[in-house]
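Database features (Swiss-Prot):
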type	residues	note
BINDING	Gly116, Ala117, His118, Gly119, Lys120, Thr121, Thr122	ATP binding site
Amino acid sequence: MQLQGKDKKVHFIGIGGAGMSGIATVMLEMGGYQVSGSDIKRSAVIDRLENLGAKCNIGHKTSNINNEIDAVVYSTAISPENPEILETQRLGIPLIRRGQMLARLMKEKKGIAVAGAHGKTTTTSMTALILEENSFDPTIIIGGDLSNIGGNAKLGQGEYMVAEADESDGSFLLLDPNIAVVTNIEDDHLDYYGTRENIAKAFRQFLAKLSAEGLAVICLDDPVLKEITTGLTCQVVTYGSLGSGADYQIKVLETRNGVNQGEVYFQEERLGMLELHVPGYHNLLNAMAAVAIGRHLNLDFEKIARALRKFTGAKRRFQVIGKVNGITVVDDYAHHPTEVKATLQAARTSHPGRIVTIFQPHRYSRTKQLFKEFGQSFTNGDLIILTDIYAASELPLEGVHTKLILDAIPLQEGQQVLYLPTLKDAADYLADYANPGDLVLTMGAGDVWTLGRELIKRLEEK
């Protein structure tokens, strides 16, 4: 179905979600669309969309769907039994996957798509900021809010679109970008892919879609990526750590005054210094992908570095929620062992005091597949608090419980691990036992982010 012409009516099921809201925002700003949507609860994102002209309903109901709607957009987070899905099918209204709609929007621009198991949102945000700060006026669709643009999306008048490419359900294969980034490949979303080999095959297909004039930006620190990029017909530029053999290499320097620093080299030529106000080696690597794109678009390194100095992070990516009574509260989306390990490493390098981490496992399937790896990822935590699993759209699996992760943690001297089932239990405990000098770090892809706000409130009331 071609969504062209005046006042086409498009309905989004789960419009407040990170990926859905970005697409809805761009369509609202384009004009020519009447956008409606539904979500299970009101949020700042819903308020923002309504201010742009969207009609949003709270709750998924059959009555939200009618014959005047031209198309309904949904994501894999929406159950096939959702009443709005069923009503859409009954009325014969076209159902469009979120990835299909993103692909349609990208066809109107020169697409820059960022894929990978980890670092997508940050790398997309950094790339978007570089283009935004250097007058490219890109269209942007990100999986997290970027303070520099006041949200997670914007319609630009320039020729480029920068977007996050979601591999979780294979929908990134619908995209036809001009530039594609792959940050890394991991054993994630095995509920969809089945095997690691299938994951690697999908990323290979993603890169193989690039034309001869296209550009693949690849992290050479990932051994799987080294293998799957062989024989690509597009242009390939690589980035990685010092000594990796990549085109762009980063020499990590000591963090000073909270500034994450590194020297950037291109084929052994020193380009200059990179300074980031977000911690962690993984963020320096993310920045290297953005540097490679900026240079491909003929930007001087100093202009790129200047833009990145303004980067303060994306929402829920090592986001400082607040500081009260000497206690710093930070929130991060980390929900895979590699992300948990990298986030705690960033916390350790940037914070001299005790690190208290609250981790909410996300999905029963992921916990079952990776509980041993999760157990090994908490090395840099001093006090580790584990809560019950956030189910997302899954049903419980027999024998799968947070205790699997707890039992897999090899306790080090001075480390303490607690199981506190609910976020309220964790908030009650931390309100009494968090100390001045602590960094309290909430991690997970569920609703654990609410804990940081609640803790700040409790500490302010003390």
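Using the three backbone atoms N, Cα and C, a Cβ is placed for every residue, glycine included.
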Residues close to ATP site centre defined by Gly116, Ala117, His118, Gly119, Lys120, Thr121, Thr122, Cβ within 8 Å: Val114, Thr123, Thr183, Asn184, Asn286
Among His118, Lys120, which are binding-site residues, the residue with the most C-beta atoms within 10 angstroms of its C-beta: Lys120
DSSP-derived structure type at Thr122 (ATP binding site), helix or strand or else coil: helix
Fewest-neighbour residue among binding-site residues, criterion Cβ within 10 Å, set Thr121, Thr122: Thr121
For Gly116 (ATP binding site): DSSP state (helix, strand, coil): coil
Residues that sit under 8 angstroms from Gly116 (ATP binding site) by C-beta distance, when 6+ apart in the chain: Thr123, Glu167, Val181, Val182, Thr183, Asn184, Ile185, Cys219
